[in-house]
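Q: Provided herewith is a single structure, encoded as C-alpha cells, for subsequent inquiry.
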Amino acid sequence: MEYRADIGVFGGSGFYSLEDNVEEIELETPYGKPSDKISLVEIAGKKVAFLPRHGKKHQYPPHLIPYRANIWAMKMLGVKKIIGPTASGSLKPEIKPGDFVVCDQFVDRTWGRKDTFFEGPEVRHISAAKPYCEYLRKIAIESAKELGITVHENGTVVVIQGPRFSTTAESRWFSSMGWDVINMTQYPEVVLAKELGICYVNISLITDYDAGLEGRDDIKPVTEEEVYRVFRENNDKVKKLIYRMIEKIDVDYICEE
Ligand SMILES: [Zn+2]
C-alpha cells in the first residue's frame, strides 16, 4: 500500500464526515474491513484520513466496532498520529455538557473485545502506563484554549461495554473512584494504536451526566437522544478543534515513548 496519509481522525457518534465530496477508499485488512470507507482529505497541507468508527450509518455498536481493522487500515495508509474524538458522559459536577476533556488515563470495563494484534507466534506486552500521546495532548489543549473551548487538561475515562448506559450504582461507583468521564469506545482503540506505534489522543466531548449525579435530582440520567442532541450542537466545535490541531501537528515529530 502506498503512503496516503499522515494524520488519522476517527469520527464518533454524530460525527460521520470531515468534508463533503472527497476521495474515499475501501480497504481490506488482515482483520477484515474497517467500519466504512475512508475519506482522504488535505487540510493545512497535511494528508488526513477520516473514518467514522461506528460506520456512516452508525451501524456498529461500540462492542462490535472492528477496532483492529480500523487501526490497521490507518497504519496501511501511513498514518503516524491519530485524533480520536468521542461523545462521553461526565462523572463529576464540574465537568459539564459541552466541555471537552483531553484524557490521559483509562480504566477498561469492557469484555470480549479483540484488543491486541499480538496473538502469536509473535507475543508482545506493550506498556500502557501512559496510553495517550503527550505531544498530541498538549496540542489538543493549546488548540482548545485558543478557540475559547472549556477544556479539562487531564482525565480518566472509564470505558464500559455498552450498548446500555450505566446503572445508578455503577455510576456512583465510577464517580467515587475519582474517574472523570465515561465512554464505550476508547478501549481498545487507544491501545491498538499504541501497539502499532501510532500516537493517539482522545478528545472527550461531554454530552451528559451518565446515570445522574448524587444528590442532584435536577440532573437526569442520560438518554440516547440527549447524547446526539448535544453532540450535534457541538459538532462544529469539534471540527474546528481538529482543524486547528492538524495545522499545529508536526507529522514528523517523533515521540519519546
Ligand atoms: Zn506521540
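Cβ coordinates come from backbone N, Cα and C, glycine included.
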Q: Can you find which of SER13, SER143 TrEMBL lists as binding phosphate at the same site as ARG53, HIS54, THR86, ALA87, THR185?
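A: Phosphate site check in TrEMBL: besides ARG53, HIS54, THR86, ALA87, THR185, the record includes SER13 out of SER13, SER143.
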Q: Across the domain 'Nucleoside phosphorylase' (6-247), what does the pLDDT come to on average, as a whole number?
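A: Value for the domain 'Nucleoside phosphorylase' (6-247), mean pLDDT as a whole number: 94.
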Q: Among all protein chains shown, how many Cβ atoms are found within 10 Å of the Cβ of SER13 (phosphate binding site), not counting that one?
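A: Around the Cβ of SER13 (phosphate binding site), 23 other Cβ atoms lie within 10 Å.
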Q: Which ones are near THR185 (phosphate binding site): of the recorded positions SER166, ASP208, TYR209, ASP210, GLU224, which have a Cα within 10 Å?
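A: Within 10 Å of THR185 (phosphate binding site): none of them.
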